[in-house]
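J.: Submitted below is the structure of interest, expressed as structure tokens.
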Amino acid sequence: MASITAVARLVHINPSSKLNPSLVSATKPLFTFFSLKSSYSPIVSSSAASLTSSRAMSYDKQLIAAKKAASLASLLCQNVQKGLLQSDVQSKSDKSPVTVADYGSQVLVSFVLQQELPSQAFSLVAEEDSGDLRKEDSQETLQRITKLVNDTIASDGSYKVSPLSESDVLTIIDCGTSEGGSNGQHWVLDPIDGTKGFLRGDQYAIALGLLDEGKVVLGVLACPNLPLESINNKNQNALTKSSSGCLFYAQLSCGTYMESLSGSPPVKVHVSDTENPEEASFFESYEAAHSSHSLSGSIANKLGVKAPPVRIDSQAKYGALSRGDGAIYLRFPNKGYREKIWDHAAGYIVVAEAGGVASDASGKPLDFSKGRYLDLDTGIIVTNRKLMPAVLKAVQDSLKEQALPSL
Ligand SMILES: Nc1ncnc2c1ncn2[C@@H]1O[C@H](COP(=O)(O)O)[C@@H](OP(=O)(O)O)[C@H]1O
Ligand SMILES: [Mg+2]
Ligand SMILES: [Mg+2]
Ligand SMILES: [Mg+2]
């Protein structure tokens, strides 16, 4: 096991950092308490119960660190997406795709959080693990990830650390194996949510949330391909224009804000306030295998929704809903599919703090305190508070009809 060299060190922020300027100024000066020598070892909590937490506390420091981590990961993902190679993509044991950018993003987020918050115990529930990368035929992929991560850290210039080795990279990826739960604080990370969208050149998100005592208390959603302007169903051309991308962030009781990934001033966002389902447009997954399009079609009919659905990948749907581009997001996976907390934690608080609400099909709020999986009834409904009762009824009626044997 690699050893930590604990050295207090002042990190000088390089003024030429490529990150959003508001993040850079907010983070200097900063002490970190470990330096990376030849090998890397994470600061891992020995027990979740040892983490201190308080419901009344502010999460400002964590929010600054989370924004910086997601922004740096976005840079890596944007660079990879521009020149994606066939060899950059692998298939996981469940046959889902994973790319060098998924791994690279996970390493960067974990690295930045630990650099920025050195005095806090660190627990991370993240999607990826190093299992496949430790296999012999993954050597080249691991080298490519390591180079991507080191190049991104060097080009940003905020951290004066020796380059990470391949072994450091594997160790940092495996910082994400926490089980989460209802005690203490846990970061929740989807390093690329919407990998299929990422591969198509469409929408994806770097989604980072923080749980405190089982509740999501902050969330950051970086959506590098999402335009700042609305993508409602009247303006879907916006999706094809090049964009610098959006960063959504929310902290408990502080509202939801959006800024561009290139650093425009933040604006407070709010969900649509429509009470009329006929005026509401809805989002669903681009991938029909991830959510039943026919069920959401039947729900939309019951509600009298006129506009066709906007189908996009990833938690960009939560971001778009939080600023009112559409008013309803419906997600109904196949029976037996278990939703993971990293697919929803950041999006959940981004919508909730913008005045929206998310529940399962029985109307129960999503519960992030049960470990790596969400324990829920049938599907996920996200909308504004005024529409929720009508949407819930339409969902429950459609589910009952679906359960009836056809004549
Ligand atoms: N059969 C399935 N049903 C529902 N969700 C699925 C699924 N297979 C994969 N997913 C999840 O859907 C996420 C993408 O969401 P969306 O459909 O909104 O774009 C994927 O995240 P990753 O891309 O991080 O693996 C994955 O976790
Ligand atoms: Mg995945
Ligand atoms: Mg995901
Ligand atoms: Mg993912």
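A Cβ is built for glycine as well, from the same backbone N, Cα and C atoms used for every other residue.
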J.: Quick check on the annotation: TrEMBL has Glu127, Asp190, Ile192, Asp193 binding Mg(2+), so which of Asp343, Asp360, Asp367 does it put in that site too?
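T.: The one candidate that TrEMBL places in that Mg(2+) site: Asp343.
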J.: Tell me the coarse DSSP state (helix, strand, coil) of Asp343 (Mg(2+) binding site).
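T.: Helix, per DSSP.
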J.: Relative to the mean position of the Cβ atoms of Glu127, Asp190, Ile192, Asp193, Asp343, the recorded Mg(2+) site, which additional same-chain residues have Cβ within 8 Å?
T.: Asp102, Leu189, Pro191, Gly194, Thr195, Ala205, Ala207, Ser314, Gln315, Lys340, Trp342
J.: List nothing but the one residue from Glu127, Asp190, Asp193, Asp343 whose Cβ has the fewest other Cβ atoms within 10 Å; the candidates are the binding-site residues.
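T.: Taking Glu127, Asp190, Asp193, Asp343 as the binding-site residues, the minimal 10 Å Cβ count falls on Asp343.
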